[in-house]
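Worksheet: the structure to be examined is printed underneath.
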Amino acid sequence: MYATILVCVYLVTKVLLGKRKAGGGGADMGGGGQQTEPGSSGGRNGVLYTWEEVQKHCHKMDKWLVINRKVYNITEWAKRHPGGMRVISHYAGEDATDAFHAFHPEPEFVRKFLKPLLIGELAPSEPNLDRQKNVMQDFRALREQVEKADLFRSDPLFFCLYLGHILLLEALSLFLLWNWGTGWTQTLLCAVILTTAQSQAGWLQHDFGHLSVFKKSRWNHLVHKFVIGHLKGASANWWNHRHFQHHAKPNIFSKDPDVNMLHALVLGKTQPVEYGIKKLKYLPYNHQHQYFFLIGPPLLIPVYFSIQIMHTMFSRRDWVDLAWALSYYLRYFYCYVPYYGFLGSIALVTFVRFMESHWFVWVTQMNHIPMDIDHEKHQDWLTMQLVATCNIEQSFFNDWFSGHLNFQIEHHLFPTMPRHNYWRAAPMVRAVCEKHGIPYQVKSLWRGFADIVSSLKESGDLWLDAYLHK
């Protein structure tokens with residue numbers, strides 16, 4: 001049955017991809033075309049621009065950006081950007097050089113698709129738009145250093161064993177029911193095992209989504225769909241479009257979807273004061289550190305993410321991702337309906353999602369919510385990532401429990417680096433930070449958890465003070 005489902009999903013994927021290509025749609029890189037303004041010379045080396053001219057083109061219907069001093073008009077092509085339109089649009093009017101290298105493991109391949117978008121370059125008199133020039137020079141030297149140390153090379157055995165331990169956990173949950181029945185104790189233990197498998201599959205899909213396993217992006221994309229779709233019942237494209245924005249502009253309002261709390265929470269030190277001055281009170285934010293336990297960890301995955309994923313797949317007609325997601329539920333119900341019936345199986349998977357959501361929220365938010373959260377400041381890549389992220393102490397358990405996101409700093413600086421190499425890059429990153437006086441924060445796991453709550457309380461108090469007195 002398991003193999004049959006995989007074959008069916010593969011065939012459906014091939015058919016749907018064929019239709020998409022025939023219709024000329026999809027997220028292919030090709031077909032960008034020459035996107036230049038009327039009268040421009042479109043990509044000729046003689047066309048020179050100033051930063052003042054580039055920065056004017058940062059609007060919804062008019063977007064330029066700079067990569068390695070080359071100026072590109074991405075206005076129309078952004079809609080076909082494989083990583084999503086929003087993530088590339090966040091750099092309109094800016095220097096996207098470091099973001100470009102961070103997200104693309106095959107830069108020479110990608111440059112082929114940038115070529116038709118080239119409209120000129122920065123004038124020789126124009127400086128690189130690095131507000132901290134020395135910082136960026138040292139960061140780019142650091143990137144060369146980690147590349148020479150081969151830290152972008154993945155270990156296939158690591159990822160094979162990681163996938164193996166997830167499949168083993170799933171098999172163990174079924175063996176438990178088959179051998180000892182479906183009593184309350186066995187059911188609770190089964191749920192714990194499945195929660196662990198789902199959480200670990202979440203960290204694994206994160207690896208493939210960041211293109212950090214295979215040399216070729218297409219293999220990463222394919223296995224990503226298998227892991228997030230068939231093993232978790234979610235959508236690869238939904239994850240890509242959401243998560244890449246977070247990496248491109250972490251903790252920046254209107255650009256990082258992870259800090260869009262839909263008025264349920266106020267974050268950082270700026271937003272609470274803004275809400276307070278405007279007398280906005282969707283909820284009693286001075287108590288958000290308390291009601292967070294009710295609306296955050298319990299509901300994010302089973303309610304908010306589940307609704308958003310389904311809405312995204314249907315609204316975008318992403319039938320490929322839908323087929324992969326359905327294969328998860330077909331497999332799940334085939335395995336568990338014989339033990340619990342249909343309604344019992346729904347109750348079990350809902351409980352698993354509920355527990356997984358707690359795991360996910362505490363791990364992912366301990367690195368970001370306590371950090372600086374504000375509006376766009378146009379900082380250099382290194383500074384922007386360091387003020388928005390922190391690390392958690394290394395240990396075998398912390399590495400496994402967090403999917404190596406305890407090395408959040410290294411992950412954000414080098415998102416395509418395989419996670420088993422973060423610890424090797426960490427001393428190099430710390431040295432650059434110390435040289436330039438940039439805080440490199442490392443906390444214990446429990447301090448990371450506690451800081452989430454304390455930062456929410458601090459933000460709530462700021463809101464209350466502004467609401468009452470400003």
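Backbone N, Cα and C define each Cβ position, glycine as well.
The signal peptide annotation in TrEMBL covers 1-18. Residues annotated as region 'Disordered' in TrEMBL: 23-44. Look at TrEMBL and you will find 46-123 tagged as domain 'Cytochrome b5 heme-binding'. Under the heading transmembrane segment, TrEMBL lists 157-178, 291-311, 331-352.
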Counting only residues 6 or more past its boundaries, what in the same chain has a CB within less than 8 Å of a CB in the transmembrane segment (331-352)?
1-2, 5, 174, 177, 182, 187, 190-191, 194-195, 198, 230, 233, 302
In the predicted model, what is the mean pLDDT computed over the domain 'Cytochrome b5 heme-binding' (46-123)?
90
Could you give the number of helix, strand and coil residues in the domain 'Cytochrome b5 heme-binding' (46-123) as assigned by DSSP?
32 helix, 20 strand, 26 coil
